[in-house]
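Copied over from Swiss-Prot, here are the features:
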ACT_SITE  D329  active site, proton acceptor
BINDING   E92, R144, T189, G205, A206, T264, K356, D419, W420, A571  pyrroloquinoline quinone binding site
BINDING   E207, N284, D329  Ca(2+) binding site
BINDING   W415  substrate binding site
BINDING   C635, C638, H639, M676  heme c binding site
DISULFID  C138-C139  disulfide bond
DOMAIN    622-699  domain 'Cytochrome c'
SIGNAL    1-29  signal peptide
Amino acid sequence: MRQTGLASLPLKSLAVAVLLSLAGTPALAADIPANVDGARIIAADKEPGNWMSTGRTYDEQRYSPLKQISDQNVGQLGLAWSYKLDLDRGVEATPIVVDGAMYTTGPFSVVYALDARDGRLIWKYDPQSDRHRAGEACCDAVNRGVAVWKGKVYVGVLDGRLEAIDAKTGQRAWSVDTRADHKRSYTITGAPRVVNGKVVIGNGGAEFGVRGYVTAYDAETGKEAWRFYTVPGDPKLPPEGKGMEIAAKTWFGDAYVEQGGGGTAWDSFAYDPELNLLYIGVGNGSLWDPKWRSQAKGDNLFLSSIVAVNADTGEYVWHYQTTPGDAWDYTATQHMILAELPIDGKPRKVLMQAPKNGFFYVIDRATGELLSAKGIVPQSWTKGMDMKTGRPILDEENAAYWKNGKRNLVTPAFWGAHDWQPMSYNPDTGLVYIPAHIMSAYYEHIPEAPKRNPFKSMYQLGLRTGMMPEGAEGLLEMAKSWSGKLIAWDPVKQQAAWEVPYVTIFNGGTLSTAGNLVFEGSADGRVIAYAADTGEKLWEQPAASGVMAAPVTYSVDGEQYVTFMAGWGGAFSTFAGALSLRAGVQPYAQVLTYKLGGTAKLQEPAPRPDTPKPPALSNDTASIEAGAKLYDGYCSQCHGIHAVSGGVLPDLRKLTPEKHQMFLGILFGGRVPDGMPSFADAFTPEQVDQIHQYLIKRAHDLHQEGDTWKQFSAKSSH
């Protein structure tokens, strides 16, 4: 049942929650389920059986003191239970576990409350996300999880709402629309954090042209407490606070006002209770090309920056910019970890981050001073770090595409050396465990200033990037050039202690434990445990799908469990579908929970249907070429470049005869339950036919190249 309005609802209303078998469930064992507050999170080590915040603790270390499962017995792990999610798309959530109840999310921000002992559903809450707006999300209809506080569960909804749910009943308590401008493509995929009674959430949308900000809301009522903008607005208007006074001086011209400027804080936060500082990871610019965004001038603060603000007021305190004047989608939204490290023989309270640009940063978290920075993967865009200025040294010949007149092959590329998949820190080993990428892509300046496209589901990048060969052999060669690895990084020595290779990128986030273990899922469909000190693989089982999310561990009734959220999807398998086929998996979304001696059976997806024979190929090459351009501009971000899908959304080369007959109706009518908008305002019937003819041509290519496509899947031997 759809809920409307922003007011609190009566408790007797069930919203869209499903209540099952409430009597005797662990969620009701406590007087108030999910009864978490700041003091409890700060003292989390006193109750290590719970996982009460996204990173377990405010320092976001993703380290658990539990050690019933250890390097001595992890080989005895077996599946304890599984729970099948409703929709097979990308799964990125970190579950929250409190007092025997698990709270997690699936695609389109659906929230599940499960019995952490056996996976029984307690309730399910569907926020009825406006699914036709899924095309306004850059990277699939994903969600990275919830927050809990004093009996409420908080979720950011894909369409821009923040909602509070009663943890006992699954009913909506309040809802707020976080969007500052409904004409812009704002979305939410990140997990909220709750600090000092305030729910903090950012947003996504920089690829579509928005202005980024972070907002804090009263956890009890949903009333806005403060908002911090990450990039300046109209220079004709007064700046919003000290932060924007500083930032405005680093932007030039006024093109960014129409473009939005970007700087969305779509994922990472951390909090230091002693300093009362909230750390915000800020994203890329709108547009990507700095010439069209800011006349190729200025640092464009606070793009690609870590910003510290007062947690109570949202007032600016300090910033450190990882990539001044970002031009490559080198966000600083990646996971931040707070720790105390020995630096030059003295203990320092630091913030650590491995953002997309390939450096690993150690920063004084009180002042923002850069203490050290080293590259964790090959970097063609920079010649190193100037420690006197704290700025990377740009390699203009190999990366400054907006002024060197070249199509530059840049490493790392837009999904970075490390993306949203969380890293973890183990204070016992002193190592940070990073799910890293090795990838390159072309960036090319366009000679004319781009005009904003009014169609809200269209990328607004201001350059050419992501170019790939069309033929299967060229795509296979490119796919083999992208790889992943798990890096155990020593943040004091700034060097790798050990590494484990993977066949492709987008492997899962990591969890480390006092049992000398590191857990990680892989893109090619495995869940794995390594020895935290040496990297030796100690345990592995199939996961029935790719695993991108970070696992958690908890205990109930004295028994330790490890949970992975499995489900292939996200940006890699949509936009770069052909390259993602290296993983050799299909989307199959489920919660997988393991314990010592577990004997449950893994659920597997059904085999894919055979590829239909395509209709007759048109000899109208002009229409096919026109259709290719339209497809590239409007369709590739979801269905894949060159119409090669990674399997999360339909591969349009494999349409059935019925779908070919319905093609015009599908594009003009949309498929809202699946997240596909109507394109009636974007295309004429003639243009739809051109796209259709192009897809038929690509279907014929598929049949001719069939043997090569069979070589794409390459499961890792590790």
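Keep in mind that glycine also has a Cβ here, set from the backbone N, Cα and C atoms.
Annotated features taken from Swiss-Prot, shown on the structure.
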residue: E92; record: pyrroloquinoline quinone binding site; DSSP class: coil
residue: C139; record: disulfide bond; DSSP class: coil
residue: T189; record: pyrroloquinoline quinone binding site; DSSP class: coil
residue: A206; record: pyrroloquinoline quinone binding site; DSSP class: helix
residue: K356; record: pyrroloquinoline quinone binding site; DSSP class: coil
residue: W420; record: pyrroloquinoline quinone binding site; DSSP class: coil
residue: C635; record: heme c binding site; DSSP class: coil
residue: M676; record: heme c binding site; DSSP class: strand
**Report entry** Spatially closest candidate among C138, A206, W420, the listed recorded positions, to M676 (heme c binding site) (Cα to Cα)
**Finding:** C138
Query raised in the report: Far apart in sequence but close in space: which same-chain residues, 6 or more away, have a Cβ under 8 Å from D329 (active site, proton acceptor)?
Result: N284, W288, K356, F414, G416
Query raised in the report: Tell me, how many other CB atoms lie within 10 A of the CB of H639 (heme c binding site), whichever protein chain they belong to?
Result: 24
**Report entry** Using Cα positions only, nearest of the recorded positions to T189 (pyrroloquinoline quinone binding site) (C139, E207, W415, H639)
**Finding:** C139
**Report entry** DSSP residue counts for the domain 'Cytochrome c' (622-699), split into helix, strand and coil
**Finding:** 53 helix, 2 strand, 23 coil
Report summary line: Model confidence over the domain 'Cytochrome c' (622-699), as mean pLDDT, sits at 91
Query raised in the report: Where C138 (disulfide bond) and E207 (Ca(2+) binding site) are concerned, what is their Cα separation in Å, rounded?
Result: 7
Report task. Between any two of C635, C638, H639, M676, the residues recorded as binding heme c, what is the biggest Cα to Cα distance in Å? Result -> 11
Query raised in the report: Taking Cα atoms as reference points, which of the recorded positions E92, C139, A206, W415, W420 is nearest to C638 (heme c binding site)?
Result: C139
Query raised in the report: Other than C635, C638, H639, M676, which residues of the chain come within 8 Å of the heme c site, judged by Cβ distance to the Cβ centroid of those residues?
Result: G135, Y634, S636, Q637, L649, P650, L652
Report task. Report the residues of the chain - excluding E207, N284, D329 - with C-beta within 8 Å of the mean position of the site's C-beta atoms, for the recorded Ca(2+) site, in sequence order. Result -> C138, A206, G262, G283, G285, S286, W288, T331, F414, L461
Report task. Measuring Cα to Cα, tell me the gap between E207 (Ca(2+) binding site) and W420 (pyrroloquinoline quinone binding site) in whole angstrom. Result -> 16
**Report entry** Candidate recorded positions E92, C139, A206, W415, W420, pick with smallest Cα gap to C635 (heme c binding site)
**Finding:** C139
Requested in this report: Select the most exposed residue of W415, W420, where exposure means the fewest other Cβ atoms within 10 Å, treating these as the binding-site residues.
Outcome: W415
**Report entry** Chain-internal residues near C139 (disulfide bond), provided their CB is under 8 angstroms and they sit 6+ positions away
**Finding:** G90, T189, G204, G570, A571, T574, F575
